[in-house]
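Reviewing the structure listed below.
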Amino acid sequence: MAPARAGCCPLLLLLLGLRVAQIPVSAKPKDMTSSQWFKTQHVQPSPEACYSAMSNISKYIEWCKDLNTFLHEPFSSVATTCQTPNIACKNRHKNCHQSSGPMSLTMCELTSGKYPNCRYKEKHLNAPYIVACDPPQQGDPGYPLVPVHLDKVV
């Protein structure tokens, strides 16, 4: 009886898996800090239609983002959320903070299309949110902590 051969498929799958793992879900542009990218993706004091708001994000990442949430408050208010008590994030890090109450927000969900013609449905709601916060980097506002990731809408 001949020994079993692994063949090329497991190696190919491994290489493809490694390639996919290198592509972040929401790749930050190189010329922005994490906080600046957070602001671009999620802070929208005056509500705007998903089509135009998501077009602004797509021009940086050059693909249609599946889901995005916009917080309708100034960056300074979101940064204030970073001063609330630390809680665990979805990834179990302890640098998350929950907003003090429900806030106006818009969720944009991809329905069809390919970049640059992405189509979204929008959902408006008032809900608390959780953000991950880190110390500011050079070029960030001078808050003790700045938001860098929208972890969850509660």
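Using N, Cα and C of the backbone, Cβ positions are placed for all residues, glycine too.
What Swiss-Prot annotates here:
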ACT_SITE  HIS42  active site, proton acceptor
ACT_SITE  HIS149  active site, proton donor
BINDING   LYS65, ASP66, LEU67, ASN68, THR69, LYS90  substrate binding site
DISULFID  CYS64-CYS118  disulfide bond
DISULFID  CYS82-CYS133  disulfide bond
DISULFID  CYS89-CYS96  disulfide bond
SIGNAL    1-27  signal peptide
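Shown here: features listed in Swiss-Prot, placed on the structure.
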| residue | record | DSSP (3 states) |
| --- | --- | --- |
| HIS42 | active site, proton acceptor | helix |
| LYS65 | substrate binding site | coil |
| CYS82 | disulfide bond | coil |
| CYS89 | disulfide bond | coil |
| CYS96 | disulfide bond | strand |
| CYS118 | disulfide bond | coil |
| CYS133 | disulfide bond | strand |
| HIS149 | active site, proton donor | strand |
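Closest to ASN68 (substrate binding site) in space, going by CA atoms and restricting to the disulfide-bonded residues CYS82, CYS96, CYS118, is CYS118. The record assigns LYS65, ASP66, LEU67, ASN68, THR69, LYS90 to the substrate binding site, and the maximum Cα to Cα distance across that set is 20 Å. LYS65 (substrate binding site) has CYS118 nearby among the disulfide-bonded residues CYS89, CYS96, CYS118, counting only those with a Cα within 10 angstroms of its own Cα. Here the candidates are the recorded positions HIS42, ASP66, THR69, LYS90, and by Cα distance the one nearest CYS96 (disulfide bond) turns out to be LYS90.
Look at the Cβ of each of the disulfide-bonded residues CYS82, CYS89, CYS133 and count the other Cβ atoms within 10 Å; the largest number goes with CYS133. Neighbour counts of Cβ atoms within 10 Å were taken for the disulfide-bonded residues CYS64, CYS96; the minimum is at CYS64. Ranking the recorded positions HIS42, LYS65, HIS149 by how many Cβ atoms sit within 10 Å of each one's Cβ puts HIS149 at the top. For ASP66 (substrate binding site), the same-chain residues 6+ apart in sequence whose C-beta sits under 8 angstroms from its C-beta are GLU109, LEU110.
Distance between Cα atoms for LEU67 (substrate binding site) and CYS89 (disulfide bond): 19 Å, as a whole number.
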